[in-house]
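Undergrad: Okay, handing you the structure first.
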Amino acid sequence: MTEFALKIENLKIALPEGSDRPFALEGLDLEVRRGEVVCLVGESGSGKSLTAGAIMRLLPEPHVHVAGGAISVQGEDILAKSETEMKAMRGERVSMIFQEPMTALNPQKTVGWQIDEVLRLHTKLTRTERRARVIEMLERVHIPDPPSAYNAYPHQVSGGQRQRVMIAMALCLSPGLIIADEPTTALDVTTQLQILKLIRDLQEQEGAGVLFITHDFGVVAEIADHVVVLSQGKMVETGTAQQVLNAPQHPYTQALIASVPSLTPSPPKSFDNAPVVLKGTGLNKTFAAQGGFLSGRRKSVTAVDDLTFELRKGETLGVVGESGSGKTTVSRIVTRLLEADSGAVELDGTDLLACNPRQLREMRKHIQMVFQDPMASLNPRKRVVDLIAQGPIVHGVSREKAHAQARDLLALVELSPSAANRFPHEFSGGQRQRIGIARALALRPKVIVADEPVSALDVSVQAQVLRLLADLRDQMDLSLLFVTHDLRVAAQLCDRIIVMQKGEIVETGKTAEVFADPRHPYTRNLLSSIPGRHWTPPKLEAIAI
Amino acid sequence: MPLPIPPILSYALRRLFQAVPVVILIMIGTFLLLKLAPGDTVDALVGDMGGADAAFIERLRIEYGLDQPVWVQLWRYMSKLAMFDFGWSFVYEQPVSRILMDRLGTTLLLMATSLSVAFTIGIFLGAIAARRAYSTTDNLISTLGLIFYATPSFFLSLMMILLFSVKLGWLPVGGIKTITGFYTGWDHVVDVARHLIMPTAALSLIYLSFYLRLMRASVLEVAELDYVRTARAKGAGESRLMVHHIMRNALLPVVTLLGLQFSTVLGGSVVVETIFTLPGLGQLAYQSVIQRDMNTLMGIIFLCSIIVVVVNFLTDLLYARLDSRIKLT
């Protein structure tokens, strides 16, 4: 038996004619030994997911196809195999764990059925033997009560458990090679850590080789033995995890690592003497769960429970927590995009929640939002200049003046003036988020509420947008309410943080103090789950990519 | 201790409860609309008789209650309807309920065969077209669908009669059975089936084209989804993917359309039944309109709205059966 679970030599993947580059991947060399985890790292568009597709021979052929090189899985030349031979290999000798466990599992089949399918396809076990094996697998991935999980549908189990099901499915036949394509990106930080541990443990038990695809250097620090860095389809650096993480050689890797937000918060500034700009008191919001008009069986969910906070002038207040903690609801209540059940939100002394529609419209000038997904939150049929000028025009500024201001704002967010007459789809994700920020600034607000503004962005772009936000905040003396699930981001930008769990504040304080000495067990758990928390990115000159 | 009601039963009861106001509104609306139209039963009767004097017409109106204000007529009609009394047809000289029962079977038979044919063949062809997307097979199927879609059913009916009955003499021109045949048992079934072939084809082709197009789009969409990729990565072959992972998910939007279209098929049956002289509700409706047979017409509409409500209920049940994420509450 060969010691290599996977060996890729000089792999080339061609893109269809008319793409931005002829090859998605050019000259990739990669080796995964048995019992080793190799991380394939790169930003979006680097060709890392296509590499996985090529190994499984599941590329969307003929548009995207392997144009050269060799791939061997456990000593066998994959590219020479027929489709029938490949079917026999997939699932048995090489298996995959996908990113989004909700969409990667068939919603109409039970969890047990879907794991069982692997056994049905590749073994001659009887029904009872298969069932026993599936339940054993569910136990191994630590799913509580395997027999009842066997009969559950994917929507009936939590996100983390769904990913465990995917892992059980992938490991069912003890394949020699496991490809994990961003398996933890869609998960909360505490769940992420558990899943990473699980993959690591099982891989050690089985002695399989793992090709782990990720964009997150924290995750790399957590799990990798070897690292391969891809940029625009080209392999720029490879080495042991130690080497790449602590002494990166290539400028691109250096820039990527320099962009990883440090976990050490900057020294606290004091805002005690600054006036309070935004103050929430006793905010409550309960959602009635979906239910029919006459069903009478509605279960309500408390999204925000008696929330009170203060935001001072020039200050950044972070709202952190896992999904379902109510942080997005807070951002919507504060901007009155969602009506609270009770409580008050005072903006410069005026209660926003008590305003009538006309007063509210006037008040909206002072509090603006930046949204998570800049593609979805910008009207695709409007030019950038119109998008930015719309707010001021609504509030009575003349068209010419508003347009002139919009062009100035573009310069402020470091976009070229020529951007004004283009449409949102002509920009990259980071540029679109800059447009989103310019749009929010157009009304000269006092407060900006930002809901996960960088979570959809690549790490290098994320760093630039965060820097821009911080600069603008300081220049314009803005107050920022910053909602995020990413504690690294919070550490970089926020002066104070609120930690939320199930709609309640469990801890609040200066960021540096909370990070140094978390008091609530939930905060402690969150902080100890940050991937790569033991790794301090080396101090490198930040180089623009 | 109260008896536990099975969820499906309580769901059915609730749906029934919700349907009552719908049906009442339909009946009031139709009644008023029909009253707005010029002419009534008496006009039609007198017309058939070749005219009559004013006093006789007046007496007929009083006898039928047509001299009363509209809202009094409406109240009388609705209170009788509440007891499921559909009234008397002055044209057929029979209680309306008996006429309806005579005709209902034929219409349900025609609709059931047409929809089953349209649905089965439609999803089958749609699935094939999607799996061979952009190939010659796909182009052929899609073009065929377009032709079916663009051909009016009355034209298709007449052309089929011309070809299969008049020229070739293979199929009967109209009716639901051979009146002089007195067939029983299996022969009867075959006889009725022969009579149903052309009407079914005429009524189903347009719906077939709907299902075909929707199914093609739906299969293409589902085939791109992540869980299909997962199944591929497990080593599943194309036919297995189709049967276990794509079909059931792709069927959901088609089933929704099936329920919604039931009422339009009912409307389409008016034309087809009239052309093929099938003794069904559609043909009856057409004659009742011509003859201003208000009671019969109202009875048909009542029956049809009940059928539509019931079919939509059944569609929802089917939907819940197909989609594990939907719970009937």
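Quick reminder: no glycine exception, Cβ is built from N, Cα and C everywhere.
Unlike curated entries, TrEMBL annotations are predicted automatically.
Pulled the feature table from TrEMBL, pasting it below:
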TRANSMEM  B:12-34  transmembrane segment
DOMAIN    B:104-319  domain 'ABC transmembrane type-1'
TRANSMEM  B:108-128  transmembrane segment
TRANSMEM  B:140-164  transmembrane segment
TRANSMEM  B:192-212  transmembrane segment
TRANSMEM  B:250-276  transmembrane segment
TRANSMEM  B:296-319  transmembrane segment
Undergrad: With the transmembrane segment (B:140-164) as the reference, which stretch in B:12-34, B:108-128, B:192-212, B:250-276, B:296-319 has the largest tally of C-beta pairs below 8 Å?
TA: B:192-212
Undergrad: Hey, which bits of the same chain come close to the transmembrane segment (B:108-128), Cβ under 8 Å, at least six residues off its ends?
TA: 137, 141, 144-145, 192, 196, 199-201, 203-205, 207-216, 218-219, 242, 247, 250-251, 254, 258, 261-262, 265-266, 269, 272-273, 278, 280, 307
Undergrad: Looking only at the recorded stretches B:192-212, B:250-276, B:296-319, which one has the largest tally of CB-CB distances under 8 Å to the transmembrane segment (B:12-34)?
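TA: It is B:296-319, which has the most Cβ pairs under 8 Å.
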Undergrad: May I ask for the residues of the chain that lie six or more residues beyond the transmembrane segment (B:192-212) and have a Cβ under 8 Å from a Cβ within it?
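TA: Sequence-distant neighbours of the transmembrane segment (B:192-212): 109-111, 113-115, 117-119, 121-123, 125-126, 129, 141-142, 145-146, 148-149, 151, 153, 156-157, 160-161, 164-165, 171-172, 174-178, 254, 257-258, 261, 265, 268-269, 272-273, 275-276, 278.
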Undergrad: Can you tell me which parts of the same chain pack against the transmembrane segment (B:250-276), counting only residues 6+ beyond its ends and a CB-CB cutoff under 8 A?
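TA: Apart from its flanks, the transmembrane segment (B:250-276) reaches 106-107, 110-111, 114-115, 119, 122-123, 126-127, 153-154, 157-158, 161, 173-175, 195, 198-199, 202-203, 206-207, 210-211, 214-215, 218-219, 221-222, 282-283, 285-286, 304, 307-308, 311-312, 314-316, 318-319, 322-323.
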